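Straight from TrEMBL, the features:
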| type | residues | note |
| --- | --- | --- |
| SIGNAL | 1-25 | signal peptide |
| DOMAIN | 42-130 | domain 'Ig-like' |
| DOMAIN | 141-231 | domain 'Ig-like' |
| DOMAIN | 245-333 | domain 'Ig-like' |
| DOMAIN | 338-425 | domain 'Ig-like' |
| DOMAIN | 431-518 | domain 'Ig-like' |
| DOMAIN | 522-609 | domain 'Ig-like' |
| DOMAIN | 626-721 | domain 'Fibronectin type-III' |
| REGION | 710-731 | region 'Disordered' |
| DOMAIN | 723-820 | domain 'Fibronectin type-III' |
| DOMAIN | 825-931 | domain 'Fibronectin type-III' |
| DOMAIN | 935-1031 | domain 'Fibronectin type-III' |
| DOMAIN | 1055-1148 | domain 'Fibronectin type-III' |
| TRANSMEM | 1160-1181 | transmembrane segment |
| REGION | 1190-1294 | region 'Disordered' |
| COMPBIAS | 1190-1210 | compositional bias 'Basic and acidic residues' |
| COMPBIAS | 1269-1281 | compositional bias 'Basic and acidic residues' |
Amino acid sequence: MLMMDRPRGCRTLLLVLFLGNMATALEVPLDPKVLEGLPQPPTITHQSPKDYIVDPRENIVIHCEAKGKPHPSFSWTRNGIHFDIDLESKVTMKPHSGTLIIDISGGDKAEAYEGVYQCTARNEHGTAISNNIVIRQSRSPLWSKEKIKPIVVQEGVSLVLQCRPPAGLPPPIIFWMDNNFQRLPQSRRVSQGLNGDLYFSNVVTEDSRSDYICYARFPHTQTIQQKQPITVRVLNNDPAEERRPSFLVPTGSTSSKMVLRGQVLELECIAEGLPTPEVTWSKVSGELPTKRAFFQNFQKTLQIMDVSEADAGEYRCTAKNRLGSVHHTISVTVKAAPYWISAPRNLVLAPLETGVLTCRARGNPKPTISWFMNGVPIENAPTDLTRKVEDDTIIFTEVQTGSSAVYQCNASNEYGYLLSNAFVNVLAEPPRVLTPLDKVYQVIMNKRALLDCASFGSPLPGIRWFKDSRSSVLDGDPFVFHENGTLEIPVAQAFNSGKYTCVATNSFGISENRVHLEVKEPTRILKQPEYKVVQRNRNVVFECKVKHDPSLIPTMTWLKDNGELPDDERFIVDSDSLTIMEVTENDKGTYTCIMNTTLDQDSASAQLTVVEATPTPAVIYEKPDAPTDLELTDPGARSVQLTWIPGDEHNSPIKKFLIQYEDALHDSGTWHNLTEVPGTKTTAHLKLSPYVHYSFRVIARNEIGYSLPSQPSHQYKTNPAAPDENPSEVKGMGTEPNNLVISWKPLTGLQSNGPGLQYKVMWKQMHVDEKWTSVTVANVSKFVVAGTPTFVPYEVKVQAVNNYGHGPNPAVIIGYSGEDLPVEAPEISRVLVQNSTLAEVNWRSVPAKSVRGKLQGYRVYYWKERSLHKHNGHGHPHHMEQQTLTFGENRSHGKLPGLHPYSLYKVNIRVFNGRGEGPASTSQQFETPEGVPGQPAFLRVTDNNLDSLTLEWGPPHEKNGRLTGYTLKYHSVNNSNELGHLEELTVPANETSITLHNLKYSTRYKFYFSAKTLKGPGPSITEEFATIMDTGIPASPYPLSPTSQFLRPPHHKALPVSPVFGNVSSSVGEDGALITWEYWGPEKHIYVEYIVENSNEDWQKEMVNGSQSHVLKGLKEGLAYKVRLVAKGHTDQTVHRSEELLVTLPAMASRQVDIATQGWFIGLMCAIALLILVLLIVCFIKRNKGGKYPVKEKEDAHADPEIQPMKDDDITFGEYSDNEDHKPLKGSRTPSSGTVKRDESDDSLVDYGEGGDGQFNEDGSFIGQYSGKTERDTVQGHESSEAPSPVNAMNSFV
């Protein structure tokens, strides 16, 4: 048995320099033909774990497997003494193996074979040894019998129910359940501690029960022991008062805990108090590791996975309720058993070569390194001048043939040890080429070609390549030579096809091999399928014509919506087309043709849309009537015969009858489908289930639809029986790392077959348990198995049981206990930057055991740290949003798209399972190369003259590299958009403006401006600018009216306000104000703006693009308006503005006075005037008589036939009164009958008099006289009113 060696001294500087010049050791290939002829020292390939707990009911098997040439022999030691197998009748060793089998089936006790075992494998080239394997028997002792008195407590006090299970090997898993095998509910108030005790922060009356049972499950023996039930009675006659929190666990204000590196740290704080305290955690000297820290048991347990030295320190738990808080500090120390930094690796050396074995490990305390040779301490090994031991390194110089041996390195401290075997095999072998002779490589043109030349020899042979004839060695572009001898052609072309020869040479000989390269034409789809719109029931054809290398056999595949084509005879696939016969609505979708060869493929897709064909009128039929006269005959235990009479078919034959049933016992009021029979039958033999109260009804169906249901039959009851089936959808799936949830779909009442339905749940761990563990539960749908190992397979089955027996033997399904978070991170092997926006990351997978669940894939996180520009220094990183990509479980690399050129990125990888993600790998940095820049930020004119423009610009926001300069292109553009000669200039990168001379005056130019880097130019920014004018503007070609006003610019000068507007003038007409102008500017957005003179309102504007005249409508008469023209740029800012023009609109009569010039109107007015004159004469005559007259006479006067036509038109002329306002009174309407009612008429002779004091007598006669009124007075009264005109006459109509 290997013991720990004394510590060594530090390595010297000379040793470091020497190791820098070590020759690379050979790697022996795994080719069996090579291995068969090579001598090899022993290597341990499989051994039992260091701590091996065995089941006392099974034979003990201690594994030890090794390989070597010749095959090694095996021996064992027990407790450091040779273990003679021949003397042990119960112990045998497997043939050609070192595995021991200890037979204890005859009644021998396993504990008789407990001890420390070590295996030795040796041949003529060396000796390898195994770890120390400690064999211990598992133990599951019974619970000591005890009588537990009932616990009586007052409501509100704290309580601890002790479990104290018997000590087992390994320790048992504890959980609390009731008599029905149901887990006791836990909460912040009630929870189980790490020691298995059940803690109550405060008790309530509901906690009173007599079945608090602690269970202990012993994993190796798969046995469950239970403690005697504990009875708790909670009294509320003197409940406890509210109180501050205090800790039940741990005690005191401080405590300490030691944990080993890589293990799980569990810290626990359980508090009591009223109300129930809430527990929180913090790290005194830092922050909790968010990715590895988890809170369990309602925040009472802090769990930190994969502990490292950084997790040491003080942790504080705080319990708080509304009355106060309490703290406890736990000091955590992290120690470490030895772990490898660099384990020694096998060496294969040629004679006189040099090599080194390195054994580096860390731990806390620091491990001691001990070396052994063939299992013997190296100090006691034969002296070898070619070997020198320096602490954790052995140096071999000019090794000799026959010095092969196996060396062991032991790194140990008080917490454990590491043992590693590594052999030094000295070989003298001529070269061998392992690649098959005349192997043919086929690649597609423009793809990479790799030609293998795998070889072995000692010393390592050198590789040379030749093509066709061996006249010259291949060297340089376009060839790449790899260290393993592979020849790479990065971009294969047709001329690269041919025979290649590789030659392997070392000091012991030479070997060669031939391979052949064939470069093939790529596969391309020449005619892609096209988008189709087809009527229903028509045919459609998709074509897909392909070109491929004639030596490759193509395969055409068609997909619908990325899935297989429907299995339908209507889909016909030819060599270059797909035909769909009689298209239906379900055929719409995306169709893809894929052409595959053995080397490449190409694909193309097209959409099919199906539309309705021209509808044709359909014959209308009716649904059948409901069946009648249901009758049950031939009753049986599980059957009955049902007959009925069909209803009227209504010209559509009945196709089938649907028979439904109602179960009045289990599901009253709900009808279920039972069976269907053809429409030609009126009888059905029904198969029934036990324990059901049936009622039946029948529904008929024809082409139109279903009839109404028939009337129900009389009730038919069946007797109970044992279940005929077991629950379906049985699953086993863990929800926590230490449980297995067995779920199923419960049987319905119809399926139960009888009362008292229960389920027998059975489970056992695959390949571990031999016996089933079972429990019978009530009519529920799941059962939780607690205390399971993480993510291991279980065999599960569920059987239905009722009062009349068991169901059939259930099927076994495979389930898995709960997953836990992965504990290891993938290792990033390299990041390959492919271009400025794309990189590829490669990683090494994690061990399957560390996943602790079903590996679902890898998540790659990457983000931009900063730009590589000088102004973005390391002190000012610009973190961008983290991006995430997910890859499948079998992937070991992935592309990172969407990168920013010329930037520093970081990437890390996490593995994830169904539980979540594991820890992140170490972040790796990579840089992206330069790319083309973005568009310049802006381009504008800062100064424009007659023959020059000064341009100013801003550098791109996205430089994507170091700017090397700018490119400016421009040409003139005339008014008809014709382009002039294109000029091009190159501008240095440090310039921000340029002045262009010798340009044409009053000319529009279009500019294209772009930035560039070493990768090339980026996108251009495009703008248009114009030079200003030089001379006066020619006269307007439009004739001006005598009232027109215009602005004429000064001659031989640039316009002071705007040089692009000229000859702005106006004229007023019937349609409005006509504004005309001339415009020579480049802007296309032209507006006419106007405002009332001396007004504070905003300017009104109307767009006039592309025109040189515009009519302003809707201007008010008699007002003066200021008018101007403006030209606006792309940003809606005014670029040019004309001088203001004053336009005055004269006051004019309303349009309605125009009728005054019409002859018909003049004649009508004359007739009305004549009638008025006659009426006045009559009035004056009556007045001059001075007599009284009744109102009836006035009414008769109004009914004068000469006046009646006016009243027929419902028009009354306006009368004038001699009041002080001298305003005309509106006329009153009279009824169409010509009569005037007394209390409705406004028409009275008072209106014609001077005064308003007229009265009526009791007989209704008018009292009073018209006052004297001369003709002059009348004329004056008319003059004091509005002037008589056709307008006023029209305004008098009502």
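Count begins at 1; order follows the chain as displayed.
Using N, Cα and C of the backbone, Cβ positions are placed for all residues, glycine too.
Note that the coordinates shown come from a computational prediction; the quantities given were computed from them, not determined experimentally.
Three or more CB pairs closer than 8 A are found between the domain 'Ig-like' (42-130) and the domain 'Ig-like' (338-425), so contact between the two stretches is assigned (pairs 6 or more residues apart). Below 8 A, the CB atoms of the domain 'Ig-like' (338-425) and the domain 'Ig-like' (141-231) form no more than two pairs separated by six or more positions in the chain, fewer than 3 in all. Most Cβ pairs under 8 A with the domain 'Fibronectin type-III' (825-931) among the ranges 141-231, 245-333, 431-518 are made by 245-333. Counting residue by residue with DSSP, the domain 'Ig-like' (431-518) contains 3 helix, 47 strand, 38 coil. Averaged across the domain 'Ig-like' (141-231), pLDDT for the predicted model comes to 90.
With DSSP states grouped into helix (H, G, I), strand (E, B) and coil, the domain 'Ig-like' (141-231) comes out at 3 helix, 36 strand, 52 coil.
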